[in-house]
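> Got these off Swiss-Prot a minute ago, pasting:
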type: BINDING; residues: Gly13, Met14, Ser15, Gly16, Ala17, Gly18, Lys19, Thr20; note: ATP binding site
type: BINDING; residues: Asp63, Met64, Arg65, Ser66; note: GTP binding site
Amino acid sequence: MSDKHINLVIVTGMSGAGKTVAIQSFEDLGYFTIDNMPPALVPKFLELIEQTNENRRVALVVDMRSRLFFKEINSTLDSIESNPSIDFRILFLDATDGELVSRYKETRRSHPLAADGRVLDGIRLERELLSPLKSMSQHVVDTTKLTPRQLRKTISDQFSEGSNQASFRIEVMSFGFKYGLPLDADLVFDVRFLPNPYYQVELREKTGLDEDVFNYVMSHPESEVFYKHLLNLIVPILPAYQKEGKSVLTVAIGCTGGQHRSVAFAHCLAESLATDWSVNESHRDQNRRKETVNRS
């Protein structure tokens, strides 16, 4: 597929079958997403995408919430199909009537087509109206027995563009315990047992990203042993986190102030993991002490 092409997925299907989970999954996969898109607006929106250098992977939810606008779906699909710069697929999410009724009862929401409040009547009418679209769909997923996690996994398997990096990202961050634990951390490691560069006058005002501080931290025997064990712990479990459907895993490494030891370790870990995974490196508190001094 040329870089000039737009990779479009139209997400549709029965109300209550999991389209919200689906569109969130596409967002995690790096798609530009819009929920509840009126069919008549789709061609114009795609024209705007063609005119930019922005993300050309697009997922749009088009369903019966559009009510009268949904009647234009066939002409919209014809317009898309006639455009050689657009590669598109339709993902149709379905579930049994009984399961859909159960989900509506659980959420206490009204069905968009149940004018008199009878959910089952709305479901039956919607199924009839969507039958032609379902027959056109390249991907039909029955979510009756799927958990949200399993649905995310199904979408990732079918629509991610290969590699670990398409659907799973690792956030490696450093922090200082004195400023509090990161609320979004999945794994937290404490390196306060290592010798502290803060007590070396020539290193005090630097951070773990400076070469002399980095070498000071990582050259200690304790650092070498701990880092080896850290890699041996983290690397084997990454595929399991990905398989479980997690899109972002945050690994946080902390020292006292978040300036020296944790920064060096986080940087080293991020570089090691980046050979096989999509990794983002950040250092929450590395400049916190300097900012405090400047304000005083």
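Any Cβ shown, glycine's included, is placed from N, Cα and C.
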> For the binding-site residues listed here (Gly13, Gly16, Gly18), tell me which residue's CB has the most neighbouring CB atoms inside 10 Å.
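Buried the deepest by this measure is Gly13.
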> If the ATP site is taken as the center of the Cβ atoms of Gly13, Met14, Ser15, Gly16, Ala17, Gly18, Lys19, Thr20, which further residues of that chain fall within 8 Å of it by their Cβ?
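Other same-chain residues with Cβ inside the cutoff are Ala22, Asp63, Leu93, Ala95, Leu100, Thr143.
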> Whole-number Å only: compute the distance from the Cα of Met14 (ATP binding site) to the Cα of Asp63 (GTP binding site).
8
> Spatially speaking, which of the binding-site residues Ser15, Ala17, Gly18, Lys19 is closest to Arg65 (GTP binding site)? Use C-alpha to C-alpha, please.
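If we rank Ser15, Ala17, Gly18, Lys19 by Cα distance to Arg65 (GTP binding site), first place goes to Ser15.
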> Going along the chain, which residues six or more apart from Ser15 (ATP binding site) have their CB under 8 A from its CB?
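Once residues fewer than 6 apart are set aside, Ser15 (ATP binding site) is near Asp63, Met64, Arg65, Leu100, His111, Pro112, Leu113, Gly122, Ile123, Glu126.
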> Would you identify the secondary structure of Arg65 (GTP binding site) according to DSSP, in three states?
helix
> Same chain only, sequence gap of 6 or more: which residues have a CB within under 8 Å of the CB of Lys19 (ATP binding site)?
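Correct list: Val11, Thr12, Gly13, Asp35, Val61, Asp63, Leu93.
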> Other than its own, how many Cβ atoms are within 10 Å of the Cβ belonging to Ala17 (ATP binding site)?
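That number is 25.
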> Once near-sequence residues are set aside, which residues in the chain of Thr20 (ATP binding site), 6 or more away, have Cβ atoms under 8 Å from its Cβ?
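Counting only residues 6 or more apart in sequence, the Cβ neighbours of Thr20 (ATP binding site) under 8 Å are Asp35.
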> Counting Cβ neighbours within 10 Å across all chains shown, tell me which of the binding-site residues Met14, Met64 comes out on top.
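Comparing the binding-site residues Met14, Met64, the most crowded Cβ belongs to Met14.
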> For Asp63 (GTP binding site), just count the other CB atoms lying within 10 A of its CB, please.
24
> For a quick check of packing: other C-beta atoms within 10 Å of the C-beta of Arg65 (GTP binding site), how many?
16
